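A.B. asks: Pulled these from TrEMBL:
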- 1-184: domain 'NADH:quinone oxidoreductase/Mrp antiporter transmembrane' (DOMAIN)
- 189-281: domain 'NADH dehydrogenase subunit 5 C-terminal' (DOMAIN)
- 39-61: transmembrane segment (TRANSMEM)
- 68-87: transmembrane segment (TRANSMEM)
- 93-117: transmembrane segment (TRANSMEM)
- 129-157: transmembrane segment (TRANSMEM)
- 177-199: transmembrane segment (TRANSMEM)
- 220-240: transmembrane segment (TRANSMEM)
- 246-270: transmembrane segment (TRANSMEM)
Amino acid sequence: LPAAMAAPTPVSALVHSSTLVTAGVYLLIRFNMMLVDMIFLKFLLLLSGLTMFMAGISANYEFDLKKIIALSTLSQLGLMMSILSMGMPDLAFFHLLTHAMFKALLFMCAGMVIHMMSDIQDIRYMGGISFYIPLTSLCLNISNLALCGIPFLAGFYSKDLILEMVSMSNLNLMIFFLYYFSTGLTMFYTIRLLFYLMVNDYNLMVVYNLYEEDYVMLKSMFMLLFMSLIVGSFLSWMIFNYPYMIYLPINMKMMVIYVMLMGLFSGYLISNMKIYSINKFLM
């Protein structure tokens with residue numbers, strides 16, 4: 001999946017949205033009734049948890065913008081497959097739909113940024129994007145935060161429900177750790193991406209190509225922005241015909257928020273080390 005990101009952005013968005021991502025998960029959602037109580041699902045749970053973990057770790061060490069987005073998609077795929085293997089296909093479908101909204105918006109913003117940087121994909125060359133293309137940066141940041149599961153955006157409803165059902169189920173500590181650590185890693189590489197793109201100085205003045213924004217793109221981007229704000233609550237009202245009973249203590253209930261805050265803080269600390277660039281904006 002990350003290696004397919006070397007393609008041009010329309011190709012990679014199409015491949016990403018229709019073939020590599022949706023087909024397998026949707027097939028397993030449809031055939032989920034045939035797979036219950038098989039030993040295959042336990043292996044699938046283990047493998048998808050490790051997939052989430054691996055993709056979250058790898059995205060922290062990448063410098064290609066589209067490859068980071070691809071690895072975050074891989075992490076969300078691990079989340080969908082793992083909740084599918086725990087026998088909740090409606091939750092997996094719900095997360096598939098909400099994730100499609102903000103990931104499509106993320107791809108449009110990333111393609112816009114790459115086009116304006118005159119086809120440079122390396123995030124070390126970017127910085128100060130929000131000063132030149134503010135509306136694209138707004139859409140990029142909001143979709144990134146919806147991916148993290150910031151409360152009351154679209155990703156929060158599906159992701160929080162999935163993690164609470166994991167907390168309710170009687171699984172061992174390793175699966176629990178894989179889920180929550182991968183959620184923290186999602187926040188981690190999002191903050192890293194935000195620091196590299198928004199906060200640094202614009203450090204490649206030679207290929208300075210940031211013209212004013214494309215308003216044809218912004219129309220569709222604002223539609224997707226509106227969808228990735230409301231579609232989580234809307235779909236959770238519409239498609240669940242049976243309410244999920246969740247009974248957890250307050251610390252377990254707030255565990256997603258705790259993990260997000262820890263990921264935010266550690267991502268800020270790593271970005272504050274100024275490894276590859278000087279954050280004059282913060283100073």
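Glycine is treated like the rest: Cβ placed from N, Cα and C.
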A.B. asks: If you average the pLDDT over the domain 'NADH dehydrogenase subunit 5 C-terminal' (189-281), what number do you get?
C.D. replies: 80
A.B. asks: At a C-beta cut-off of under 8 Å, are there same-chain residues at least 6 beyond the transmembrane segment (93-117) that contact it? List them, or none.
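C.D. replies: For the transmembrane segment (93-117), the list is 9-10, 12-13, 16-17, 22, 25-26, 29, 65-66, 69, 72-73, 76, 79-80, 83, 125-126, 129, 132-133, 136-137, 139-140, 142-144, 146-147, 153-155, 157-159, 161-162, 197, 204, 207, 209-211, 213-214, 217, 220-221, 224-225, 227-228, 231-232, 235-236, 239-240.
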A.B. asks: Looking at 39-61, 177-199, 220-240, 246-270, which one has the highest count of Cβ pairs under 8 angstroms to the transmembrane segment (129-157)?
C.D. replies: 220-240
A.B. asks: Under 8 Å between C-beta atoms and at least six residues away from its ends: which parts of the chain pack against the transmembrane segment (68-87)?
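C.D. replies: Those are 1-2, 4-5, 12, 16, 21, 25, 28-29, 32, 36, 41-42, 44-45, 47-53, 55-56, 58-59, 62, 95-96, 99, 103, 106-107, 110, 123, 147, 159, 162, 165-166, 169, 171, 175, 179, 182, 185-186, 189-190, 193, in sequence order.
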A.B. asks: Hey, which of 39-61, 220-240, 246-270 has the most Cβ-Cβ pairs under 8 Å against the transmembrane segment (177-199)?
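C.D. replies: Ranking 39-61, 220-240, 246-270 by Cβ pairs under 8 Å to the transmembrane segment (177-199) puts 246-270 first.
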A.B. asks: Six or more residues out from either end of the transmembrane segment (39-61), which same-chain residues have a Cβ under 8 Å from its Cβ atoms?
C.D. replies: 2, 67-68, 71-72, 74-75, 77-82, 84-87, 174-175, 178-179, 181-182, 185-186, 188-189, 192
